Amino acid sequence: MDDVEMKVMEMKMISKMFQGILDACSAKCISKYNEGDLNVGESVCAERCVQKWMETFKKVQSKMSGTQPGQEVPQEAPAAAPEKKGWF
């Protein structure tokens, strides 16, 4: 699998996760779309729902990769960024 195919697959997974969060949390927290903005209760509910969804996702991901929940998956060390000079 080349780099482009991996990036496409990663974007599909992210999109699927986002859609799952959107479906689950909007169905749970938003009963009617009467206003342009969420009220306080809807906003708090949605925030908690997304937080729980992400915590669950991290736990499942750590189980699948074989790491402990607080442990980070080792990644490649980032290349040293070139020194920036001036405004840009």
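Quick reminder: no glycine exception, Cβ is built from N, Cα and C everywhere.
Going by Swiss-Prot, these are the annotated features:
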COMPBIAS  68-81  compositional bias 'Low complexity'
DISULFID  Cys25-Cys49  disulfide bond
DISULFID  Cys29-Cys45  disulfide bond
REGION    63-88  region 'Disordered'
MOTIF     25-49  motif 'Twin CX3C motif'
Query: Between Cys45 (disulfide bond) and Cys25 (disulfide bond), what is the CA-CA distance rounded to a whole number of Å?
result: 8
Message: To see if you understand the setup: which same-chain residues, six or more apart in sequence, place their Cβ under 8 Å from that of Cys29 (disulfide bond)?
response: Glu42, Cys45, Ala46, Cys49
- request: Give me the non-local Cβ neighbours of Cys25 (disulfide bond): same chain, 6+ apart in sequence, Cβ-Cβ under 8 Å, ordered along the sequence.
  value: Cys45, Ala46, Cys49, Val50, Trp53
All-chain count of other Cβ atoms within 10 Å of Cys49 (disulfide bond): 17
Model confidence over the motif 'Twin CX3C motif' (25-49) (mean pLDDT, whole number): 90
- line: Students should find that the Cβ of Cys45 (disulfide bond) has, within 10 Å, a number of other Cβ atoms equal to 16
